[in-house]
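Database features (Swiss-Prot):
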type: BINDING; residues: HIS179, ASP181, HIS240; note: Fe cation binding site
type: DOMAIN; residues: 139-271; note: domain 'JmjC'
type: MOD_RES; residues: SER308; note: phosphoserine
type: REGION; residues: 1-24; note: region 'Disordered'
Amino acid sequence: MPKKARPAGDGKEQGPAPKQVKVEAACGPSSPLNFDSPSGLFESFISPIKTETFFKEFWEQKPLLIQRDDPALATYYQSLFRLSDLKSLCSWGIYYGRDVNVCRCVHGKKKVLNKDGRVHFLQLRQDFDQKRATIQFHQPQRFKDELWRIQEKLECYFGSLVGSNVYITPAGAQGLPPHYDDVEVFILQLEGEKHWRLYQPTVPLAREYSVEAEDRIGRPTHEFTLKPGDLLYFPRGTIHQADTPEGLAHSTHVTISTYQSSSWGDFLLDTISGLVFDTAKADVALRAGIPRQLLLQAESIAVATRLSGFLRMLADRLEGTKELPSADMKKDFAMNRLPPYYMGDRAKLVAPGGQLPGLDSTVRLQFRDHVVLTVGPYQDPSDETRGEMVYVYHSLRNRRDTHMMGNETESYGLRFPLSYMDALKQIWNSSAISVKDLKLTTDEEKQNLVLSLWTECLIQVV
């Protein structure tokens, strides 16, 4: 299932969640990105490369370097995060390990220079200047509105969590040894210049982060220098290292990453448990007990043969399944993603408003990109029977300040009987629909459905 990124720090004291603080410029540059839709945002994000070209030739295949000589775009990138922003952030309470890592690459290894507890800007700047340490700031979208705006749209576009980290490295220094990641990475160069070397993956589309020794990675397949306004993409598993050239100002870049634990293998793991449960209800062969002392045996050839037969049976059943059960992936995504970008009073966003829907109303879905529909198990606490329900999860009330920080999160949404699925799909697949036309048996059920969705701010009367 998708996992929330956890800061890889050694700070012992985590401290309370930082207060929300604005570090925006009083009058920032206008955005060159298109925020009208998720697809429009991504198209402008990788411009001038076309989206179709990107997914056909680069996505999960090879790196893409976009070097732009565009002063307006460079100015916009610089506004996303600056070294100078750290001073105001430190004054609001950020902590080593949770929010900030301070590190250097020493003899091919990462050396963490974190202090304990709260970060003080003067100490941070001293380590940066005197120890030539790299400052890694975790999940800056918690504080920077424009990064929130970008990443929220990217989460809608990819249907996967999107995290970010800022790296600020002084001249003539390198923060991290050669390594590869378990995420798809987009790098935006914000300040200064950064010299990059990319290498052939030893584990294509890697599922885990790993450091690689210099003597194992061979010669670079790509070598270049990023300047403000440039963008770099590379697939998970791509070995890389980067340094700030001597004699120049510091470098600041942000990595925007996605698709952690979002492979077909992850999706299969998420689906298979529900499929086995449903099949076992209908097929006595799966409910039969395993042979005596099976767990004590060393040989497993006969067992493997029996299991392969069950898997073939499950495959046959899967092809005819109308609704795929999801154990965690959909819920986890809805619970942990960013809330909709909204600069007004957030209370208005999550409070139902407008006309109350009735049987004669026409309604339409709101926040379509922030809602997931799934079928999952439900156990009645009164009689301990287990069945299936339709779950509607949304991210309207999610907390921006804990996004991708590994915190326990609360799920928001609704639960309906399985018989409501067709009516829910009607609402999902229509630009607008009459409540009377919903595929439910009684008018009471129709009103119950739309009132429940309206209360959660998921539909409006048109």
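Here the Cβ of each residue, glycine as well, is placed from N, Cα and C on the backbone.
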Checklist outcome for this item: Between the C-alpha atoms of HIS240 (Fe cation binding site) and the residue listed as 'phosphoserine', the distance in angstrom, to the nearest integer, is 40
Next on the checklist: Just to verify: the residue among HIS179, HIS240 with the fewest other Cβ atoms within 10 Å, which of the binding-site residues is it?
Outcome noted: HIS179
Item to check | Residue pair ASP181 (Fe cation binding site), SER308 (phosphoserine) - Cα distance, angstrom, rounded | outcome: 33
Checklist entry - Any idea what DSSP makes of the residue listed as 'phosphoserine', helix, strand or coil? => result helix
Next on the checklist: Considering every residue in the domain 'JmjC' (139-271), what is the mean pLDDT value?
Outcome noted: 97
Checklist entry - For HIS179 (Fe cation binding site), which DSSP three-state class applies? => result strand
Next on the checklist: I want to verify one value. Collapsing DSSP to three states, which class is HIS240 (Fe cation binding site)?
Outcome noted: strand
Checklist entry - What is the one among the recorded positions ASP181, SER308 whose Cβ has the most other Cβ atoms less than or equal to 10 Å away? => result ASP181
Next on the checklist: Take the mean position of the Cβ atoms of HIS179, ASP181, HIS240, the recorded Fe cation site. Which other residues of that chain put their Cβ within 8 Å of it?
Outcome noted: LEU176, PRO178, TYR180, VAL185, TYR209, THR238, ILE239, GLN241
